[in-house]
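What TrEMBL records for 3-342 is domain 'Lipase'. Residues annotated as active site, nucleophile in TrEMBL: SER152. The active site, charge relay system annotation in TrEMBL covers ASP180, HIS267. Taken from TrEMBL, the feature Ca(2+) binding site applies to ARG194, ASP196, ASP199.
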Amino acid sequence: IGCYGTFGCYSVNRPWTSSNRPINNFPEAPEIIQPAFCLYTRHNRSRLQNLVTGDVPSIQRSGLDSSRRILFIVHGYLEHGNKKWIKRMVEEALIYDNVNVVVVDWVSGSGPPYTQAVANIRLIGVMLAHLVLFLHGQFQVPTENCHIAGHSLAGAHLAGYTGQYMRDRGHMLGRITGMDPADPYFENTEPLIRLDPTDALFVDVIHTDAGPILSGGLGMMQPVGHIDFYPNGGVRQPGCGTSVLDSIEKERGSVLYGLSRFIGCNHLRSVEFFTESFNSACPFLAVQCPSFADFLAGACHCGSNACHRMGYSADHQSQQQQRAVESEPIQMYLLTRDDQPFCLYHYRVTIIISDTFESVQHGGDRGWLSIQLHGHNRSSPPTRLTPENVRFEPRMAYSYVLGSTWLGEITSVTLVWTYSSSVFNPLTWRILTVPALHVNRIIVHNLESNSR
C-alpha cells in the first residue's frame, strides 16, 4: 500500500491487479504529478487563472462565479492542457453559456509508461475531488453543478475516481462525460476500477474507437454510463484512415501533429463531436437500439423517450426520459459526416414492395438499391441503401436509415434498383421475363422532426 497524506492510501492488490491489468504501479508523488487547475470564463478567455485547493485568496482573485456551472475538461495519455482540441472546446463552451471552464492539466503525470499513467490517474482523480469539495465547502458551489468531460484514459476514468471519492463522502458530481474511455487496463474490469454509472448523477459516454486493440482500437466497446452513444457503430469513423496528407493539412502543415491526428483519428472524434455539439443547430440525435445493424435497418425509432441528444445537451431530458435512463443503461446510435460539421439528420426510408397479382406472379428479384431524397431546401447525395445485393420479395417492407444535412420537407424521391444475378445460382436467372421491382410506395420519416 502506498499512502499520500490527505489524499489517502492506494493498493495494487486485487482487483487492481488482474489478468486485464497484469502490471500495476503505485501513483507517483503529488509533488511530481502536480496537476494544474486552470480557470477560463467569458471575462477571462486567455489569461491563466490557477485554482489552488485550500488557498482561499487564489479563488477569490479568480473570476470563478460560484453560482454558475463548472465544466472541468481533462486530457488523456501523452497530452497536456494546451492541446488545440482543449482550447477549441473551452471557446465553444464559453460561446454557448456563461459557465466556469476549468482545464485539468496533468502533463507531469501523463507520460509513459502507460501503466504509470494508469496508476497516476487514481491520485489525480482524488486531487480533483479535493478541489471540488473545497469549492463546495468554502464557496458554496453545488457539487451537482460540476461536470467533468474527459478524454480517453484520464478524462473518463479519472473522472470516475473523482466521482467515487465524492460519493463515498456523501456528495455527488452532477455529470461525467466520457469521451472514448480507454480500453487497455479498463475493459471488462470491476466498476471500482473504471468509469461506471454510480460515479455521477448522470454519466454519458461517446464511443468512437472501440475496435480490437490489435487493430489499433484505443477505446472501450463496453457500456459504462447511463447512456452510451455509438456514433457510426462506435468502432470506425467516416473520414478516418483515408489520407495522411489530409491530416497534416488539418494540422497546418505539421508532420508530427498530422501523423498523430491520422493515427488517433477515431479516438479523437469523440472530442470533436462533443465540441461541435455546444453550438450546433443540428441536434446530434441518437436512437436507442439493440445494435448498430438494427439501427441501420430502421428497426428502431424515437417513440416517447428512445431518442437523446449526444454531446453537451445530453442531459436535457424530460422526466420520462430521466426515469428511463435511471432504470437501466441505454445504448444509442447515430450517423455523422466524415468531416466538420459532423452532425447529420436521420431519415428512415421504408420501401414497400407491391402485393398486386403482377408483382406476386413475377416473384422476387435480387439487386442493389440506391436513393436520393429531394426536399424544399436541397437534395441528398445518391446513397446506396444495401451494402450487398438483397432479394426483394412481393408484399414485404424494407427499411433503412440514412444520414443527410437538413433537406426540408421531402417533396420527391429518386430510387434506383440495379438487378444482380449470379452465373453460379440458377435461381437468380431471368430467362423468360425481364427483371423488375414492383414498388408500391416509399415512406420517408425524419427522426429529428418526427415527420413524414
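All positions are counted from 1 along the displayed chain.
For all residues, glycine too, the Cβ spot is worked out from N, Cα and C.
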Other CB atoms within 10 A, centred on HIS267 (active site, charge relay system):
23
Look up HIS267 (active site, charge relay system) in the DSSP assignment and report helix, strand or coil.
helix
Surrounding CB atoms that lie within 10 Å of the CB of ARG194 (Ca(2+) binding site), all protein chains:
23
In three-state terms from DSSP, label ASP196 (Ca(2+) binding site) for me.
coil
Let me spell it out: for each of the recorded positions (ASP180, ASP196, ASP199), count the other Cβ atoms within 10 Å of that residue's Cβ, using every protein chain shown. Which one has the most?
ASP180
With an 8 Å cut-off on Cβ distance to the ARG194, ASP196, ASP199 Cβ center, who else from the chain surrounds the Ca(2+) site?
HIS157, GLY160, GLY163, GLN164, PRO191, LEU192, ILE193, LEU195, PRO197, THR198, VAL203, VAL224
At a 10 Å cut-off from the C-beta of SER152 (active site, nucleophile), count the other C-beta atoms across all protein chains.
29
Which whole-number value in Å describes the distance between the Cα atoms of ASP199 (Ca(2+) binding site) and SER152 (active site, nucleophile)?
16
Indicate whether SER152 (active site, nucleophile) is helix, strand or coil by DSSP.
helix
Averaging the per-residue pLDDT over the domain 'Lipase' (3-342), what integer do you get?
91
For the C-alpha pair, I'd like the distance in angstrom between ASP180 (active site, charge relay system) and HIS267 (active site, charge relay system), rounded off.
6
Entries of ARG194, ASP196, HIS267 which, being recorded positions, have CA atoms within 10 angstroms of SER152 (active site, nucleophile):
HIS267
Between ARG194 (Ca(2+) binding site) and HIS267 (active site, charge relay system), how far is it from one CA atom to the other, in Å?
18
